[in-house]
Amino acid sequence: MDAERAKVAELEANHRALSLELANAKSLELDKRRELVSASDEIEKLRMKHAKEIMELEMEAKSKAREARELADELRLAKSDLERERDNVSNLKATLSHQSTSHIALNAQINALQAQKAATQMQLDALMTTSSDKTLDLETAHRRILDLEQDARESEMVRRKLHNMVQELKGNIRVFCRVRPEKGREADITFPDKRDHKEIVVSSSSSSAMGSERKEIYNFGFDRVFEPESTQIEVFEEISFLAQSCVDGYNVCIFAYGQTGSGKSFTMEGGSTEATTGMIPRAVDQVFKAADDLKSKGWEYKMDGQFLEIYNETINDLLGKGEFDKKKHEIKHDKSGTRVTDVNVMPLQSPASVTSLLRVANSRRTVAATLMNERSSRSHSVFTLRISGTNTHTGESCEGSLNLVDLAGSERLNSSGAAGDRDRLKETQNINKSLSALGDVIAALGEKAEKGEKHIPYRNSKLTYLLQNSLSGNSKTLMILNLSPLAAHLNESLCSLRFATKVNNTMIGTAKKQIRGSS
Ligand SMILES: Nc1ncnc2c1ncn2[C@@H]1O[C@H](COP(=O)(O)OP(=O)(O)OP(=O)(O)O)[C@@H](O)[C@H]1O
């Protein structure tokens, strides 16, 4: 039993040892299991890390491969650039060697040119010296030319003055002839006197009864002949002394005579431009200038103007009001000069006031022309500028007048076609009457100058009566004969030329100044 007990005890002890061993084994197993779990975690982590590292390595490998490719590309490009650069370098080397050769050649040229430049500079210096000498010579010559031109101008003025004095001493009426420009069938008119411009030659051809051609040549001489190209300035240059002399106390009368359309109005009144300005505005301008110049010598002037029209022997005031002037105007002569009753006399302060006076007169003439059959060419127009001056230093006084007359068309009865028209016939008879009265007055003045006493028939027409004081031996008279160059007007032109020649040959005596001393 004991043995049994011992055995049981022993078994129990074994059991306990075994249980302990089992427990230990279990705890060991547990530890081992834990270790296993932790080892597997570790393995998992390592695996993941490894996978990540592999992935990164793969990506790195890919990027390296790309870089390698790019580097390979770059290398290729670099190689081709290098190749090109090599080519360039070899080209540049070739160019350089060529340029070097050129450079050497250019240097040689530059040296040659510099030598040439130095030689040219020396020549230039020599020329500059000569040129400044020449410039001096030229300036001297230029001054000399200016002096000579001035001398020539002065001589020309002296020549004109002397010419005028001779004319005044001769005492005849001056006559200028002006031929209008025209494009058309022109008559055979020539101007042979190219130096003094005093001659006009008109030729006409006619067939005789036998059929043979006959050419007649008519030669006329006047104080001045203006060719068609002559300008208003040139014409005025020749008459400016007359405008001047009315400031000195003379009575001056300038007529424009000629057939309708021959250029009378163009000459007297002119156009609207500077170049075409006519004799009236130019003369007035000149009178104002002359009066202004004499201010320094103590002269003070007063000027006034009137503009009348004589139509069918009645006087019409072109500065009046209304369409037609219905007033009856009378011409009065007394010691103070000629006066026309009831006409407007405009004080003239400046040349501009004359422009407005001409405008008023022209607008009235235009109205009349549209109402009455081109009346302007069928009437005489008389612009009168009266000038009175006193000298504050000397007490002298003077009175002058300037009459600028645009005469009615001078064509003869038949050629104007007036015969069948009563109004036209009356107009033409009146024009002829007054123009022949003008001729008679001039002829009588001529006779008076030659033979002494002679009655002057001023009263035979309104025109001559109005101009009595300016149409005497005591006044300066100029007739401008206007001619049309047309072949169709040849006969009229010849009549006008003959009339003007008669006037030109008339001596009317020497003009006198209207100057009074201080009283
Ligand atoms: N020297 C000239 N230069 C240019 N044109 C001119 C000249 N003379 C006249 N004329 C022109 O010829 C035309 C006729 O001239 P203007 O009217 O002056 O003649 P007129 O003799 O006064 O005629 P009317 O008796 O009808 O008044 C106008 O158109 C005018 O402008």
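Quick reminder: no glycine exception, Cβ is built from N, Cα and C everywhere.
Heads up, TrEMBL stuff is auto-annotated, nobody curated it.
Record features, source TrEMBL:
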type: BINDING; residues: GLY258, GLN259, THR260, GLY261, SER262, GLY263, LYS264, SER265; note: ATP binding site
type: COILED; residues: 1-130; note: coiled coil
type: DOMAIN; residues: 172-506; note: domain 'Kinesin motor'
Cβ packing number for GLY258 (ATP binding site), 10 Å threshold: 31
For the coiled coil (1-130), mean pLDDT (0 to 100): 91
Beyond the site residues GLY258, GLN259, THR260, GLY261, SER262, GLY263, LYS264, SER265: chain residues whose C-beta lies within 8 Å of the centroid, for ATP: ARG180, ALA256, SER377, GLY409, ASN482, SER484
Least surrounded among the binding-site residues, given as GLY261, GLY263, when other CB atoms within 10 Å are counted: GLY261
Densest Cβ neighbourhood among GLN259, THR260, SER262, SER265 (binding-site residues), 10 Å radius: SER262
For LYS264 (ATP binding site), nearby residues of its own chain (Cβ under 8 Å, 6 or more apart in sequence): ALA256, TYR257, GLY258, ASP406, LEU407, ILE480, ASN482
